[in-house]
Amino acid sequence: MSIPLPSAMPLLPPIYLPGQEPLPAGTSDWERQEMQTALKYQRYMGMVMESCPLKVTIAGVGGLAIGGFFSLMSATFAYEDPLSRASNKLTTTRAQTMFVFKEMGRNMWSSGRGFAKVGMVYSGVECCIEGYRAKNDIYNGVSAGFLTGAILARNAGPTAMLGGGVAFAAFSGAIDWWLRSAPADEI
């Protein structure tokens, strides 16, 4: 079956199959081939950026970095001196410095792991829900927030799972609603 040419039906817009659109006059075969290659790589990059494993990895790395940064910032404002917790009294400045840096590193790793775990679970669940529903709306974030909150509170029992799910769903719904709202200059 062939598509009728626009000249046969002058009041209808031209309809072209994807990849068969006309190019400007004077376009060489080499330029057409380069354009098709660029479009192919653009589609590949779009597929990679929409893949669940990449989203989960980005959330994990970002969570690790943010958690470590928050821990580093809280260490600078700590009320308790880490040297007072030392089991043996450190005499040299070098030993004291090494102890403080090791303590900060341990805290940064612990906090970063927690943030990474939350980010990876939420991102993975939300990506699976989005793939199942084939939609990108606020309900994906709310339902993913509920499931993530329940998963993270699973060791504390069913009541804590329900409470964690509701709290995480409300938080993620509020953030998603704020991110999807129109910017101030468009109102």
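Cβ coordinates are placed from backbone N, Cα and C, and glycine is handled just like the others.
The annotation disulfide bond is assigned in Swiss-Prot to C52-C127 on the grounds of similarity to another entry. Under the three-state DSSP scheme, C127 (disulfide bond) falls in the helix class.
Per Swiss-Prot, the feature transmembrane segment maps to 58-78 (among others).
Per Swiss-Prot, transmembrane segment is recorded for 138-154 (among others).
For the transmembrane segment (159-179), the residues of the chain that approach it from at least six positions outside its boundaries are 122, 138, 141-150, 152-153, judged by C-beta separation under 8 angstroms. Look at Swiss-Prot and you will find 159-179 (among others) tagged as transmembrane segment, backed by sequence analysis.
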### Summary
Of the disulfide-bonded residues listed (C52, C127), the greatest number of other CB atoms within 10 A surrounds the CB of C127
